[in-house]
Amino acid sequence: MARSVIGVIGGSGLYDLPGLEDAHWQRVESPWGEPSDELRFGTIAGRPIVFLPRHGRGHRVSPSDIDYRANIDALKRAGVTDIVSVSAVGSYREDLSPGTFVLVDQFVDRTVRRASSFFGKGCVAHVAFGHPTSPGLMDRLAAAAEAEAIPVVRGGTYVCMEGPQFSTLAESRAYKAQGFDVIGMTNMPEAKLAREAEIPYATVAMVTDYDCWHPDHDHVDVAQVIKVLTDNADKARRLVARFAADFPLEHPPCPVGADHALDFAVMTAPDRRDPALVARLDAVAGRVLGR
Ligand SMILES: CSC[C@H]1O[C@H](OP(=O)(O)O)[C@H](O)[C@@H]1O
Ligand SMILES: Nc1ncnc2[nH]cnc12
């Protein structure tokens with residue numbers, strides 16, 4: 001059984017994890033491109049943690065420009081076995097008011113210009129993705145939230161838009177009518193790539209606004225989002241710290257098999273694989289490609 005290494009991807013408003021002990025920033029090279037920033041290595045209660053600010057320190061990288069493949073590959077190279085992502089979201093439900101934390105369990109991908117797979121011409125693979133988040137991680141996040149007296153809502157569908165503009169009123173109403181619960185711009189293809197890299201993934205979504213469908217609220221603006229984020233950042237850090245401190249030292253098997261997602265996924269015959277692509281897949285898929 002592998003030693004647990006928790007990866008934390010910090011979203012808007014979360015550019016560092018102040019509770020990390022023995023922490024240092026370190027550049028991790030990836031053959032897939034430029035990660036959003038250096039990785040912050042440290043420990044919490046003796047557990048190794050690797051933190052990555054998704055938009056880079058100072059929020060320099062927009063959702064469409066994030067190199068999600070480089071980020072996930074870098075975390076995999078750093079030995080990460082489990083990922084918790086923290087994200088700001090807009091809400092489509094009256095009861096999910098700003099400040100609410102939601103452990104989303106489903107995603108709908110509406111992004112249009114992002115590389116969303118490590119695989120492709122020369123090495124084709126299809127991973128199962130019916131359950132895109134790990135129930136094991138969500139159970140532990142819910143327990144950590146309870147221990148810290150932070151209310152969380154368990155379950156919800158996150159629709160990922162391309163952005164960077166927020167939705168039109170027509171889009172917002174349509175998403176609400178389709179039954180989506182929250183909206184953001186970053187969790188896709190991040191969650192898809194984590195699955196391909198066999199890293200169980202869960203998201204703590206922090207509601208910052210009602211998008212623009214709500215008759216009693218004006219359109220979304222960044223000042224409003226930042227205010228809610230600032231008011232809640234400390235709660236998010238406490239939640240992540242408690243989750244990490246209580247995490248098993250040995251990686252617990254993922255109930256939906258995310259940590260073995262590639263067992264039966266690769267279609268391309270060994271003698272027909274592109275050696276250059278296979279070389280780039282060394283960290284993500286070395287376990288099944290024999291590298
Ligand atoms: C500042 S609001 C819009 C911005 O915040 C969310 O990012 P993240 O998931 O990294 O917290 C949203 O997806 C947008 O990128
Ligand atoms: N309303 C919204 N739409 C998309 N991304 C968001 N992130 C925070 N609020 C959002």
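A Cβ is built for glycine as well, from the same backbone N, Cα and C atoms used for every other residue.
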Among Ser12, Ser117, Ser134, which residue does TrEMBL annotate as binding phosphate together with Arg54, His55, Ser87, Ala88, Thr186?
Ser12
Which of these binding-site residues (Arg54, Ala88, Thr186, Asp209, Asp211) have a C-beta closer than 6 Å to some atom of ligand 2?
Ala88, Asp209, Asp211
Could you check what DSSP calls Ala88 (phosphate binding site) once collapsed to helix, strand or coil?
strand
Restricting attention to the domain 'Nucleoside phosphorylase' (6-244), give the mean pLDDT.
97
